[in-house]
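Taken straight from TrEMBL:
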| type | residues | note |
| --- | --- | --- |
| TRANSMEM | A:20-41 | transmembrane segment |
| DOMAIN | A:21-232 | domain 'MacB-like periplasmic core' |
| TRANSMEM | A:272-297 | transmembrane segment |
| DOMAIN | A:278-395 | domain 'ABC3 transporter permease C-terminal' |
| TRANSMEM | A:318-341 | transmembrane segment |
| TRANSMEM | A:361-388 | transmembrane segment |
| TRANSMEM | A:417-438 | transmembrane segment |
| DOMAIN | A:424-641 | domain 'MacB-like periplasmic core' |
| TRANSMEM | A:680-703 | transmembrane segment |
| DOMAIN | A:684-796 | domain 'ABC3 transporter permease C-terminal' |
| TRANSMEM | A:724-747 | transmembrane segment |
| TRANSMEM | A:767-786 | transmembrane segment |
Amino acid sequence: MIGTSLLTLYRSLTRHKLFAALNIGGLALGIAVFLVLFLFVQFERGYDRQLPGWDKIWLVNTSYAIPGFPAVNLTSDSGLLKNLKTDFADIDGVRLEEHQDTAVRNGRSLTTENVSAVDPGWFRLFPATAIEGDPIAVMNQPDMAVLTRSAAQRFFGSAPAIGQSLIMTIGGRERPFQIAALLDDLPKNMTYGSDIFIGLPPLEGGNGSDGSVRLFLRFPDASAATAFADKLPAFIDRHEESSLGQKPSDFKKLTLTPLAEVHLIQPKDRTVVLTLGLVGALTLLIAIINYVNLATARAGLRAREVALRKVLGATRRALILQLLVEAIAMAALSAILALALTELALPFVNTVGGTSLSIHYAGTGSILFPLALLIVGVGIVAGFYPAFILSRFNPARVLASVRTPGGGKAGVWLRKALVLGQFAIAIAFTIGTFVLIAQTRHVRHSDLGFDRSGLIIVPSFLADALDDAQRADLLRAFRNLPNVESAGMSRFLPTGGSFNASRYVDSATGTDISVTEVDVGRDFFTTYHSHLLAGRFFDDAHVSDDATGMDREALNKNPRNIILNRTALSQLGIRSPQAAIGQIAKFSSDTQPRIIGVVEDMRFTSPRDPVGAVVYHYVPRAAEGMVPTVRAKAGDTAATLAAMEAQWRSIAPAVPFRAKSVDDALYQRFYQQDAQRGRLFTIGAVLAVVIGCIGLYGLAAFDTSRRVREIGIRKALGASTRDILRLLIGQFLRPVLLANLIAWPLAYVAMRQWLSGFDDRVALSPAYFLIASLIALAIAVATVFAQSWRVARAEPAKALRYE
Amino acid sequence: MIQLENISRRFRADEIETTALADIDLVVEAGEFLAVMGPSGCGKSTLLNILGTIDRPSDGVYRFEGEDIARAPEARLARLRRDRLGFVFQSFNLIDELTIRENIALGLAYRTMGSAEKRERVTAAMDRVGIAHRKDHHPHQLSGGQQQRAAIARAIVGDPKLILADEPTGNLDTENGAQVMNILTELNGEGATIVMVTHSPAHADIAKRTVHMLDGRILTSARRAA
């Protein structure tokens, strides 16, 4: 029975090629979009879960009760583990210190690599597959390193890596490390670890707050971790002192985060993963709706066969089973095609989406089982209604009738409702895409409070290997380059750098002010083209501007001049920039800085975060921890970069040069992920619209061919081609127009929610809604026009003779 | 074999009710060859559909081999059609996507039987109606007469006790119509009961008994003189 059924299906598909292409193609496209986004969700949610014992590892989160201080701060003080071991003898933990962009020298070649300095027990908690040597033993020895296969290949090619040496600049000092063990490459979706591991210096105690390491603790289960976390406030009170008159544990919090939750710990990241998963599911739903629509529309064509099967003794249950098997077979065909499409699309998706997705056919994470489930699920969902409708036809009527049944009024209404549903989703996606593109463009071009074009930053200035003399020479050399307009130093890079937040609580007034303190050098504001709202910039002629080498205590004793940003004014209760000039900034009763200037807010943070209050201190001499920003003369960025690199090689040949435009740096740090996820969303949304149109085209093709006789009669009665076109296109467009009523509020709520995550955002203009709807209408008209035109122009006599 | 008592069939479309059959009483004996005649719309095909259990009467009793099946569950009727009935239609109702052999095999698709036996039965049915040489062709590649012979082969491949033929020669020319009637006569001679709807008096004359219908009622029932 099933054999003949599948044979009939096969021959029907080869005979009705357009229908087969639309149905299988549409479903395949839907499954492909779903597969890609499923892989994305699986990849993102699978972070660290391939690690044996991942569910027993927790990461220590250190946060401070400072307004504006991030709630998620997954670093700890380097001595915390030693103190914990003192108080809790059986604690099992390891530390990781991440050395980003470390200079690594192999003979004459010099590169930068991320290096992980870890405690000896690292590979106990984070097991890795050893290819050669014993990584656990190696981590006990200073000046030994463990490399992954890729790193070994990069440095030594096919030559044996064990026993070779690499020179790494760690802590400002060049040290040789001997390669003593090799690992298989780490999984791509692993949050911690890198291609090079070295030993971390032994535990140091103390109450410092260097926040330089990540501390991982292992517990037998979640309840043990929770019980341990409950003891941490008392631990903090035993080991910390408070300078604010509160209990230390009121000010500082240590919490535990499960390792597997670290990657998606930020709500915005979870929302992105959820949204893209939803886009995949809805796109698949649109494709399934297509299948149901086309299958029920074509039900009439198969009605005779099904009626005949009934006559020959098939029960309704047998027919439903047969039709479901057919739907599953169609889903399987589509899934195979979808798999091929996905394989072809993945390199492109990975490039534009910044992902590393791949399909695994064997082992854990194999796609085969989920795909089989998907095929059966899609087959049943897509096939159930057509099977229900077809198996219900009365065989006597079907076999007696010349005309084929079309499912009656209910069938027509259902098809309209399904078209309405899929276009509602497609239009909502289109609106979402427009808003997303507009926001992505906005953050890249909006006024940040400074002119970002032509600005170059030089992060390699932070290299430990540079000394102060080299820094001064380099800055001088940069300033003297003919294509450099100016260069200014700052301790706070446009893209991060050291976060120096201060909180002032005035016990007399109760004022609680949090500010970010930024050291800036000569020409900083002029280099950035900052907008001066009142007063003046720092100037060497004013001795009181210079805060070089002063810590907070020194600043309190010797009040210096400061510049504030606009937001800081409101925190201090000063009503205008002009009114601020000359005032003493009363952050608290023990500070006396004088305000000499107010600048517009400069956004050096993510567009998602509000700009906080900033106090600028003047540190005119280049110092460690400060980084230059160079402004190239108009249109000369590339040449300027080349000239700067030449100067760098001559002054600091032992340190790799790293520089990039501020625009690129901002993009990489703050916008890139949103842009990449946005592109994935756009791909899904565009394909959802395409799939919706495939369905509409199929439906139009079917419906117009069924109405040839009716149209013939209408034309015989005097209807013009234009009348017929208006009738047919109007009927198809009605559900598309109605779809806006569903799509608009959905998109409005969703996009308002998404935009609310940005401090710097576009307005949710009605234009996005109107344009999306017009585009959907235009696409729908274009889709049904060809079919309608063909039928509307047909000779009525031919149509009537045919009947 | 068949006993109909007060069988009625009414159709309702919106507000209008149409009576297709009104209080039909009919007995068909095993081995009979019954022709049903009457003008279009008189209820011939409705009667045949009810006999074939692909339509249900609105009222009345339908006994098939003594069992009242007028209100039998759908699954029971499906079994009955599968095991005891064979259908021949005016428009053949062959499936275009299947070859002639596959179309005929469809008559056994819902039976539990070994594939070798199915093959044998299909071959025998094809030989019986003289269509074996076209077994790998598709319906649209055959003439009307050949298609109808294939449809008869599909109807008899399951060895039914009752063959219901709805204007089997209606779409055929004289020669092909005669061939089809010869096959039906032979089948009746071999013991099959046949109920045939026809507009052709000549073909009705071949049947052993003819009933005439008008407006949903049986007007006359006449046996052919021996």
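Here the Cβ of each residue, glycine as well, is placed from N, Cα and C on the backbone.
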Under an 8 Å Cβ to Cβ limit, what residues of the same chain, 6 or more beyond the ends of the transmembrane segment (A:318-341), are close to it? 1-2, 5-6, 9, 23-25, 27-32, 34-35, 291, 295, 306, 309-310, 359, 367, 371, 374-376, 378-380, 382-384, 386-388, 390-391
Do you know the DSSP helix, strand and coil residue counts for the domain 'ABC3 transporter permease C-terminal' (A:278-395)? 97 helix, 0 strand, 21 coil
Under 8 Å Cβ-Cβ from the transmembrane segment (A:361-388), and at least six residues away from its ends along the same chain, one finds 27, 31, 34-35, 38-39, 42, 46, 50, 284, 288, 291-292, 295-296, 299, 319-320, 323-324, 326-332, 334-335, 339, 414
Long-range Cβ neighbours of the transmembrane segment (A:272-297) (under 8 Å; 6 or more residues past either end): 19, 22-23, 26-27, 29-31, 33-38, 40-41, 44-45, 264, 327, 330, 378, 381-383, 385-386, 389, 406-407, 411, 414-415, 418-419, 421-422, 425-426, 429, 677, 680-681, 684-685, 687-688, 691-692, 694-695, 698-699, 702-703, 754
Mind tallying the domain 'ABC3 transporter permease C-terminal' (A:684-796) by DSSP state, helix then strand then coil? 95 helix, 0 strand, 18 coil
